[in-house]
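Structure first, then comments.
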Amino acid sequence: MATKKNRRRGVVLSPIGQQKIEHARRHLEKTENAGDRFTIEELSERSQLSLATMTKVLAARLGVDKQTLELVFVAFGLQMERADYHQPEHHEESAEIHLDSPATQVIDWGEAIDVSMFYGRDSEITTLTTWIQQDNCRLIALLGMGGIGKTALSVKIAQQLLQTARPFEFIVWRSLRNATPLESLLVDIIQVLSCQQENLASLPIPALLNRLLHYLRSHRCLLVLDNCEAILQSGEFAGVYRQDYEAYGELFRQVGEISHQSCLVLTSREKPQTIANLEGITLPVRSIALTGLPLDDSDRLFEAIGLSSSSSIDRHKLMSVYAGNPLALKIVATSIREIFDGDVDAFLSAETTVFNGIRRLLDQQYQRLMPIEQQVMTWLAIDRDWVTLAQLQADIVPAVTTQQLMEALESLSRRSLIEQKNARFTQQPVVMEYMTEQLINQICAEITNSQLSTLNSQLFNTYALTQTTVEEYVRESQIRLILQPIARYLRERFRSIEELERQMGQILELVRRSEITGSSYGAGNAIGLIQALQLNLTDYNFTELTIRQACFQNTPLHRVNLSRAHLIDCRFAEPVAEPSSSAVNASGELLAFGGHDGIVQMWQASTGQLSFAVQAHTTFILALTFSPDGKTLVSSSIGGGIKFWDAHTGNCQRTWEKGGIWTLAYSPDGRLLAAGLSDRDNSIYIWDVQTEECFKILLGHTAPVCGIAFAPHLIDDRQLLVTVGQDCVVKIWDLESGDCLRTLTEHTGQIWSVCFHPDGDRFATCSFDLSIKIWDVATGACLQTLWGHAKEVSRVRFSPDGHLLASASSDRTARLWDIETGKCLKVLQGHLEPVWAIEFTTGYVGSAARSDRRVDSSIARQVFVSIGVDRAMRFWDVSHLYRDHPFSIDPASISGHCLKTIQGCGTGIRALAIHPDGLLFASGGMSESIDLWDLGDRSDPYQPSEPTGKCLQKLTVRDSNTWTIAFHPQGKLLASGHMNGEMRIWEVESGKCLHNLTTNYSYMIQCCRFSPQGDLIGCIGSTEPIIRFWDSQTGECWRTICLEAESYIFGLDFHPQGRYFVTAGHDDRIRWWDMSSGECFRSQAGNEGHVWAIAFHPQGHLFASIGGSPDVKIWDAESGECLRLLAGHTGNLGAISFSPDGSILASGRSDRTIRLWDVLTGECLHVFEGHTSGVTSVGFTSSHMLASASFDGTIRLWDVQTGKCLNLFRPDRLYEGTNIAGITGLTDGEIATLKSLGAIDLLEPQGKIFDR
């Protein structure tokens, strides 16, 4: 029958169009509607469309004519492009009406196996094809015992459905062999189905299921999930889901019950309960049980396993005994060939055990293995991926020779127990699962029976349950599938925390007794189990133990004794900076990062090792750049100064005394250096690198310049320079003449990054308007606009080969884009905070033994690095293949696997607040807690050598740092603002969080303050010109005020009488606002450059400000006149506070000092020195005492009269009190890092071994 074409009516918004409309809507709501959402009625009036039509347009489900869509774009001040709309999907129920085949299919095979050697299954393929193509089955289960061929059949049927009359637009094949959590699986699949356009950060599983069903309805998709038995509970009735995997049942239920035009095929050794409840002969949910291959299909199989010469009678007997199971036949074929010389009849006569399942067969085979073969089989199950001979040899304890290992691998290969490809080895899923269960069961028996007396014969000491030397995604699987099941067993066996701690103490003591070599895994395994059981490691004693493959990156080790311990392949937190800038040298071998604390770090990309760290500046390093030859690194700070560093030694070669600088760039020949200055003119200076002479000054930007890029070669015989800034414009300059050739205004938000394509014909920019644009440098034309990020895009980088563009965003993701098609190829997720620095590097990051796990060595290794505000440095595999022609990247070839994570740990304190009674203060910063300190307990206030203040309480803040805190005027509540844009209200007495406010700020809360009456809390975000007020009792938003200018707001304070409040920010304006009306009634110039903080005098007639210039200013609150200019500080950033009686003003700066000023005379009374990093906050506890906080991780209490430091308060650092005296296996740099995080070097008399 001739097929009919489906007639599609009208057009709908594409995901790109929806993103553009949503962003424009948000922008207009901020500028025209005080940040409140437009109602559908208001949108209808704006567009002059009916309510019904406007609703239809925004829903993007039913088509409208193109002219209607154009009216909507015009209403939002946008121009509609072809990528903003497409025809709606329309699924016809009749099987006789087919959609046209899509122009291209998206096929992602994941880890699908090679099925070029496929045996039979014709009837099953026919049945499955009918169910999928004609009966429109939505959910199909392929069931059967391990090794029966389910995986091969799932791949074969997917291949055959590629070229059918009713093809699938998307085919996605995934293995659940490593028990992938449902959330991770859904994000992965939805990203493929949305062509990487969806932003799924933080979406709960129900929302992810809704998005998946959306794509299954709107597109024809074939999804295959292999090895579903991995998510089912063993030892229970068939089909019961494992703990924490019950949501898979909801996935299967919704896919099976809800109408859509797609199909999900799953394979499993047992039928999930959901399938059993939904299936039926004529229903859209069905299952097929695979039995063994029939004799008719055995010819190719017997040829493959080397038994082609056997008679048909012998084949029939063998097929009958082993139920036609291909894997079982492959395994026993080895014995038939090698022991019985291919005589099947002799083999069958000698066998006494009848085959009754693959597990029984594997039991038999395992018992016949030599000890070294059993070791290799266990290690392959632990490694969980393709590994080399060298990797296996490094794992095995006690050590074996290369010859022994090669012989074992050859033997296992002949037995068909392992897979081999390109000198790498792994196991089939059924074999890997069997070996994993063997390992878990034996480990559980050992550690509960305390049978750890002999190292060489006990698994707990000779196998690592998890490894630090594997790639990150493998380690996550080891934790999920090996470590956590053992921990669950222990929780069930030992019900209380006390019992678990007692058992772990016994295990550690037995490890110590049995440790007869220096390479045991026992102590590392015990530590891993303690972590998995969420027990506290505080006060544990590991003295003189060998600790191997332990990960302490996020684990507090307070007062842990590691003295004389020997460490092998252990990982600790690293000194990763909270990034404010980054750079990579031309060869991609060196990575430089600049932090908020003024420290420059240099990392080796090939090893992930820190080369050096230097205190380069006193505050935010906003700019780093390498010289073209890679020998010199240049850094600059918003606080001023340009420094030149030897990129290999870290020695400072010279310093230029300049003002605050936002960005730097070298010219391609290395002769010139360009900088965007933090001055009133927003100027761009270009200097001769050798002479420091100013070559050119470029003027034209109306806000700070945040990005500069030189064209890599001449364009029309001219050297061009591109600059971008917070004024939302892109400028192209002729360097020689200084003329601005073009000003590009398509972006609607601040632009923070620009980079040139290696060919020099294009450049890319990214903006806070959520978009990325690629421009033609010669014409200034916008070639492409890339949408996908949900929050501000802060960085863009081209790959060295020019085929990929990477972007970083506040939405906590990095994205990879195909620059030819504009499609998002991969969304890289894992950061807990905004991603701020990204770079492409060369080489693989890891230990020598773990150089490269990929089987397909034809793909050149390409590595991408991202660093987030969470201080995690993540290395990603972004290697890629091309299809059709060299400029079309195959998205499925990019694994996006996280190869390694280097986790940093911050100690800085950013926020300080004094309780109204002066006997308590709160501090917050880079740790995940807010600490409440007792000021009333000071036994000897004049002995400040050790902290003496008590930490009364810790308010736990998960997954975010604290940037600002404030007490209620009566002291009963505490407000805190965090890096993730959240604000919380706490009850001080109980420590309970009363409200967790979703502020809609995309980045950190810069400042929060209670009103004088305490009924309101005012807060400001760091990246949006919006002030919000919240009811402190109910947590409801009371008012939103939007500034007209796109300007950061840094400071906010209420007048003591509450009639008005004042704000200040980076545009150097101080604005006065009426509390009743919310209107700005005065705007005046503040400190030069920008204003960091403002504070009212207790009586309200004065206020003070501290800003970009070193000076502090005191102002008349009525007239706005500057009364005093207080000079003496040299740093940038700053904090100020008046004493309770108003006679003294305290100021702290990034120059590490605190100054006290006489308010009446302006005289500097004291300069307090002692902090080793910039001062972030100051506050008077009384008229006689002042508290100060610093990035150095301490709070100091000062006597105002004498200037003496009375107390030193320090929250426990990650490794506070960890004794590392005599420790071995760490470098000098690693030991220094541990000490910076609280470790001590203290040799003590040896006491009781595991006394806690």
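Every residue, even glycine, has its Cβ placed from backbone N, Cα and C.
As annotated by TrEMBL, domain 'NB-ARC' applies to 127-227.
For the domain 'Anaphase-promoting complex subunit 4-like WD40' (960-1008), the model gives a mean pLDDT of 88. The annotation domain 'Anaphase-promoting complex subunit 4-like WD40' is assigned in TrEMBL to 960-1008.
What TrEMBL lists as repeat 'WD' is 614-655 (among others).
Taken from TrEMBL, the feature repeat 'WD' covers 698-743 (among others).
Positions annotated as repeat 'WD' by TrEMBL: 744-785 (among others).
Annotation source TrEMBL lists repeat 'WD' at 786-827 (among others).
The annotation repeat 'WD' is assigned in TrEMBL to 902-935 (among others).
According to TrEMBL, the repeat 'WD' annotation covers 955-996 (among others). Mapped onto DSSP classes, the repeat 'WD' (955-996) shows 0 helix, 24 strand, 18 coil.
Here TrEMBL flags 1049-1083 (among others) as repeat 'WD'. A Cβ distance under 8 Å defines the sequence-distant neighbours of the repeat 'WD' (1049-1083), meaning residues of its chain 6+ beyond its ends; these are 34, 680, 703-704, 726, 1006-1013, 1018-1021, 1025, 1027, 1039, 1041, 1043, 1089-1100, 1103, 1105, 1107-1108, 1115, 1117, 1120.
Residues annotated as repeat 'WD' in TrEMBL: 1084-1125 (among others). Note on the repeat 'WD' (1084-1125): DSSP counts are 0 helix, 23 strand, 19 coil.
Taken from TrEMBL, the feature repeat 'WD' covers 1126-1167 (among others). With DSSP states grouped into helix (H, G, I), strand (E, B) and coil, the repeat 'WD' (1126-1167) comes out at 0 helix, 22 strand, 20 coil.
Per TrEMBL, the feature repeat 'WD' maps to 1168-1208 (among others). Outside the repeat 'WD' (1168-1208), and at least 6 residues removed from its termini, the chain residues within Cβ reach (under 8 Å) are 596-598, 618-619, 907-914, 918-919, 921, 923, 925-926, 933, 935, 938, 941-942, 944-949, 1131, 1133-1141, 1143-1144, 1146-1156.
A Cβ distance under 8 Å defines the sequence-distant neighbours of the repeat 'WD' (1126-1167), meaning residues of its chain 6+ beyond its ends; these are 598, 618-620, 637-640, 660, 1092-1099, 1102, 1104-1108, 1110-1114, 1173-1180, 1182-1183, 1186, 1188, 1190, 1198, 1200, 1203.
Cβ atoms under 8 Å from those of the repeat 'WD' (744-785) belong to residues 16, 19-20, 23-24, 27, 81, 83, 703, 706-713, 715-716, 720, 722-732, 791-798, 800-802, 805, 807, 817, 819, 822, 1023, 1046 of the same chain, restricted to positions at least 6 beyond its ends.
When Cβ-Cβ distances below 8 Å are used as the criterion, the repeat 'WD' (786-827) is approached by residues 15-16, 19-20, 83, 191, 195-201, 582, 588, 749-750, 752-759, 762, 764-768, 770-774, 833-840, 842, 862, 864, 866, 868, 876, 878, 880, 887-889, 891, 894, 896, 1002-1003, 1023 of the same chain, each at least six residues removed from its ends. Taking DSSP states H, G and I as helix and E and B as strand, the repeat 'WD' (902-935) has 0 helix, 21 strand, 13 coil.
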